[in-house]
Amino acid sequence: MTKQTFMKGTLILILAGLIVKILGFINRVMLARIIGAEGLGLYQMAVPTFILIISLATFGLNVSVSKLVAEADARGEHAQVRSILRISLVIVSVLSILFTTVMLLSAPIISRYFLTDERAFYPLLAITPIVPIIAVSSVLRGYFQGKQNMTPTASSQLVEQVIRMFTVIILASWLMPRGVEYAAAGAMIGVVIGEAFGMLSLLFQFRRQKLPKLFRQHSISGLLKHNRETFRNLLDISIPVTTSRIISSLTFFVEPIIVAQSLLLAGMSAGAATSFYGQLAGMAMPLLIFPTFITYSLSVSLVPAVAEAAAQKNDKLIYRRIYQSIRLALVIGAPCAVLLYVFAEPLSTLLYNDEAVGHFLKLMAPYSLFLYFQSPLQAALQGLDRAGVAMRNTIIGALLKTAAIFLLASRPELGVDGVVLSVNISILSVTLLHFFSVSKITGFTIEIKEMIKVLISVALSGYTALHMTRYWSHLMELPQAMVLGICLALFIYTLLLIWLRVLGKQDVQRIPWIGPTLAHFLPRR
């Protein structure tokens, strides 16, 4: 199997993630236009529940498998890799059966008694088959990531998103005449079909590895008996990772309930609260988290890379890999945050025909850079065997967010803005806690000089883009002016990074396929 360097693997995931995000965003915009804010609100109300169930069923095994496989590979223990796979697949199989049943039985109760709209039952029911699909996929992805081969993960994401894009739109359009609840359910079925094709892609690539048969003579109890140490090692990582995800998922699950109840206390109707949640969670948040495909790619690559360096007791390599990931998140995340702030209203009007979304986006955009740092910092903690610390930080952020929503959104003078402020509080607190934890363990610090250079570059390019877009909007349609403004901003930003020696030959040459050619035109930093 081809083993990739940390940066090459990350860049492969980023390129695939960019394509997936663009396709997914187009899909989300088309879905919003088909089923509207109310239908999107029903769709989003079902999402937290299935995210919670998935967190329980996958048991954090993508992270633990990735870390343990990387460590076993670093020590040359190939038999241990097979043991890790065997135990992991047994665990997810048992959990999938259990939690699929739980989701089927609880869907009517959740929609009737916990969510403010009983129509959420239909998308909840439609998404249920996804549980075993994602559970098996998580183990396979963890295996490939632990081997530091990111190509199977990247290709499966592309397959999944392409299939999803067609199935979601086709099914939502077909079922829309029956009502928004059926259209939302159709969109969920499309998601399930996409995930199934992604899993088949992973299985195909896994079979090409020609590993010895995973399950031979042992029953499940016998398998666990002969692999107790592997089972314990998986639990040591999976329990805090899963707990952290459960806390996030519980917060995500409780969020629409608390938001709806708080807004009702503030004097808003149930229908208006549902529409607002569709605007925030289904329209503004996808724009805000669009660049997180970068941080996801970083975190996926960083866990096995840091685990491998830790197994080799190479402290310098640990520091360098954390530095590389944070630096990349800063260089790419900063312009995204500024452009989202500058073009919040026109983007929202163009994509959703809803100016209110732009207001929410503008309130959250300044905090988005902290969101982009969050995943690589958490991945560093997990790779360093500090998953429990990441869990603690996540719990603190979740509690702060939940309390803030109830306290702020229930005040009539704040209302919906109180929800947005609560999200910002959570993002800021978790990221700072992760940073201080990583700094304490490794001595890692932010390069202030480099950060100032990036912030100067992004401020100048954003300012130029804003004023040039205003000028061009008198000469052409706003969408054209906005696209030109964004392209100009990115061009100026790149030139400033090169001039200030933030971006150099050694950075660009790592880009797959085109990097070596581009590197000829850049100086060393």
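Placed from the backbone N, Cα and C atoms, the Cβ positions cover glycine too.
Long-range contacts of the transmembrane segment (12-35) within its own chain (CB-CB distance under 8 A, at least 6 residues past either end) are made by residues 4, 43, 150-151, 153-155, 157-158, 160-162, 164-165, 168-169, 172-173, 176, 180, 183-184, 187, 282-283, 286-287, 290, 293-294, 296-297, 300-301, 351-352, 512. Residues annotated as transmembrane segment in TrEMBL: 12-35 (among others).
Sequence-distant neighbours of the transmembrane segment (41-63) (same chain, 6+ residues past either end, Cβ-Cβ under 8 Å): 31, 35, 88, 91-92, 95-96, 98-100, 102-103, 107, 110, 115, 117, 119-120, 122-124, 126-128, 130-132, 134-135, 138-139, 141-142, 145, 180-181, 184, 187-188, 234, 237-242, 244-246, 248-250, 252-256, 274-275, 277-278, 281-282, 303, 382, 387. Positions annotated as transmembrane segment by TrEMBL: 41-63 (among others).
Residues annotated as transmembrane segment in TrEMBL: 84-109 (among others). Same-chain residues lying 6 or more positions outside the transmembrane segment (84-109) and placing a CB less than 8 Å from one of its CB atoms are 49-50, 53, 56-59, 61, 64-65, 68-69, 72, 121, 124-125, 128-129, 131-132, 135-136, 138-139, 142-143, 211, 214-215, 220, 223-224, 227, 230-231, 234.
Annotation comment: TrEMBL describes 121-144 (among others) as transmembrane segment.
Annotation comment: TrEMBL describes 156-176 (among others) as transmembrane segment.
Residues or ranges marked as transmembrane segment in TrEMBL: 182-206 (among others). Note on the transmembrane segment (182-206): residues 31, 34-35, 39-40, 42-43, 46, 119, 122-123, 125-127, 129-130, 133-134, 136-137, 140-141, 143-144, 152-153, 155-157, 159-176 of its chain, located 6 or more positions outside it, place their CB under 8 angstroms from a CB of the stretch.
Counting same-chain residues at least six beyond the ends of the transmembrane segment (252-277), those with a Cβ under 8 angstroms from any Cβ of the stretch are 37-38, 41-42, 44-45, 47-49, 51-52, 114-117, 401-402, 405-406, 409-412, 414-416, 418-419. The transmembrane segment annotation in TrEMBL covers 252-277 (among others).
Feature annotation from TrEMBL assigns transmembrane segment to 283-307 (among others).
For 328-344 (among others), the entry in TrEMBL reads transmembrane segment.
Taking Cβ pairs closer than 8 Å, the transmembrane segment (418-439) reaches residues 259, 262-263, 266, 276, 280, 322, 360, 363-364, 367-368, 370-371, 373-374, 377-378, 380-381, 384, 386, 389-390, 392-394, 396-398, 400-401, 404-405, 407-411, 445-446 in its own chain, all 6 or more past its ends. Residues or ranges marked as transmembrane segment by TrEMBL: 418-439 (among others).
Here TrEMBL flags 451-469 (among others) as transmembrane segment.
Annotated transmembrane segment per TrEMBL: 481-500 (among others), in sequence order.
Sequence-distant contacts of the transmembrane segment (451-469) (same chain, six or more residues past either end, CB-CB distance under 8 Å): 330-331, 334-335, 337-339, 341-343, 346, 481-482, 484-486, 488-490, 492-493, 496-497, 500-502.
The stretch in 121-144, 156-176, 328-344 that contributes the largest number of Cβ pairs under 8 Å to the transmembrane segment (481-500) is 328-344.
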